[in-house]
Amino acid sequence: MTIFEELKARGLVFQTTDEEALKKSLDDGQVSFYTGYDPTADSLHLGHLVPILVMRHLQLAGHKPYALVGGATGLIGDPSFKDDERSLQTKETVKNWVQSIRSQLERFIDFKHGDNKAQMVNNYDWMGKITFIDFLRDVGKYFTVNYMMSKESVKKRIETGISYTEFAYQIMQGYDFYVLNQEHAVTLQVGGSDQWGNMTAGTELIRRKANKTAHVITVPLITDATGKKFGKSEGNAVWLDADKTSPYEMYQFWLNVMDADAIRFLKIFTFLSLDEIEDIRVKFEAAPHERLAQKILAKEVVTFVHGQTAYQEAVKITEQLFAGHIKSLSAKELKQGLSNVPNYAVKSNDNHNIVELLVTAGIVNSKRQAREDLQNGAIYINGERIQDLTYNLSQQDKIDNELTVIRRGKKKYFVLTY
C-alpha cells in the first residue's frame with residue numbers, strides 16, 4: 001500500500017488537486033511538503049491534530065515536512081468560514097504564541113534525525129521584509145478579483161462584510177506556498193478542508209509565476225456519528241497543552257467516544273496498522289461493553305500527545321477515583337482528576353467542624369441537612385465515611401498539605417483547598 005493509499009484508507013484525505021499526479025509525485029521520491037499553523041491561541045488543540053498526524057505519516061514514509069508558524073498571517077486573521085472578523089492581536093502576543101506552537105510541534109514531528117528531518121519556518125521572516133508596493137506588483141497582480149471572490153470562504157462573508165485585510169489573507173497564504181516552493185522546493189501543502197481556497201491560491205501563484213506544478217491535500221473536518229463537529233469536551237476545546245487540558249481530561253475524552261466512532265477514530269488518530277485495527281474491531285464488536293476500542297484509542301492518543309508516563313498517570317487516576325481510593329493519589333493527580341468539580345478555598349478563620357464546613361463550603365444548604373447526611377453515612381472525607389457530627393478537619397485530612405476531597409453520596413465530589 002502506498003502512502004497516499006494509506007492516508008485514504010485511514011480517512012485522512014478529503015480533497016486533493018490532480019490526484020494521479022500527486023500519487024506519482026509521492027511514489028517517485030522524497031517530496032517536501034508543508035502545513036501552516038496560525039497562532040490564534042497559546043496552544044494547538046485537537047482540531048490541529050489531524051494535519052499533524054498526516055505530517056507524521058508522510059515523514060515516516062520518507063517525505064520532508066516543513067512546519068510553518070504564521071507569525072505574519074497570525075497578525076491578520078484567516079476569514080475562512082468564520083462568521084465574524086477575528087480580533088487583531090498585538091505583535092508581542094502573536095510572537096509569544098508562535099513560540100508556544102513551535103515547542104508543541106517539536107513533540108510530534110522529528111526535527112533532529114535523517115535527511116527528511118522537519119524544518120520550522122515563520123512567514124514573518126519574508127512577509128516582514130516585503131514592501132506593500134512589491135507585494136502588489138510581484139504577488140497581487142497574479143490574482144484577479146473575480147478569482148478571489150469565487151472562493152467559497154469569501155462568498156460566505158461578502159453579504160455580512162469582509163475587510164480588505166481578511167480579503168487579502170488568501171494571497172498571503174498563497175505567497176507562503178510560493179516562497180517555500182522557491183526556497184525549499186516544497187511542492188505539497190497539507191491543511192484543513194476549510195483551507196482549500198487559500199491553499200489553491202498557492203498552487204495557482206506557483207503555476208502562473210514560476211510555471212511549476214504544486215499539489216494540495218486537505219484533511220476532513222472530523223465529526224462524530226451524530227454529525228457534530230468533533231474535538232470539544234462539554235463545549236470547551238481539547239487542548240494539546242497539558243496545563244489547559246490535563247492528560248487525565250484528554251484520556252476521559254477519548255474513553256467516552258461513542259461506539260459508532262471508535263474504530264474510525266482508531267484509523268484517523270493512531271499509528272496502529274490497519275490490520276491491527278481490524279483485529280481490534282472484531283474483538284470490540286463481539287464485546288462492545290468492554291470498550292476495548294475506546295481504551296486503546298485513549299492510550300494511543302494520550303501517549304502520542306503527552307507521553308507514556310502521563311498516560312499511566314491518567315489510568316491510575318481513573319482507576320483510583322472509580323474505586324474511591326482518594327488517599328492513594330497525590331494532590332497533583334487529584335487536581336487533574338477533579339479539575340471540574342466545585343472547590344472551596346478554606347479560610348484561616350473558618351470553623352473546621354464538619355457540620356459547619358459542609359455549609360460554609362456550599363456542599364449542603366443547611367446544618368440540618370449536614371447532620372442528616374452525616375448520620376445517613378452520605379459524607380466521605382478522602383474516601384472514608386464520616387458520621388461523627390463533632391468531627392473537626394485537621395492536618396491529617398490535608399493531602400500533600402494542599403487539599404481535602406469531600407464526597408457527598410455516590411458521585412458528588414467537592415475539593416477543599418488550603
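Yeah, the Cβs are placed from backbone N, Cα and C, and that goes for glycine too.
Within the set 39-48, 239-248, 299-308, 359-368, the record from Swiss-Prot flags 39-48 under the feature motif ''HIGH' region'. Checking Swiss-Prot for motif ''KMSKS' region' across the ranges 24-28, 114-118, 189-193, 229-233 points to 229-233. Through the fold, the motif ''HIGH' region' (39-48) approaches residues 69-71, 74, 77, 86, 89, 94, 96-98, 100-101, 104-105, 192, 222, 230-232, 237-241, 244 of its own chain, all at least 6 residues removed from its boundaries and within a Cβ separation under 8 Å.
Taking the Cβ of Tyr34 (L-tyrosine binding site) as reference, residues of its chain lying under 8 Å away and at least six apart in sequence are, in sequence order, Pro65, Tyr66, Ala67, Leu68, Val121, Phe177, Leu180, Val186, Leu188, Gln189, Val190.
Under DSSP, residues within the domain 'S4 RNA-binding' (352-418) fall into helix, strand and coil as 19 helix, 20 strand, 28 coil. Residue counts for the motif ''HIGH' region' (39-48) under DSSP, split into helix (H, G, I), strand (E, B) and coil, are 3 helix, 1 strand, 6 coil.
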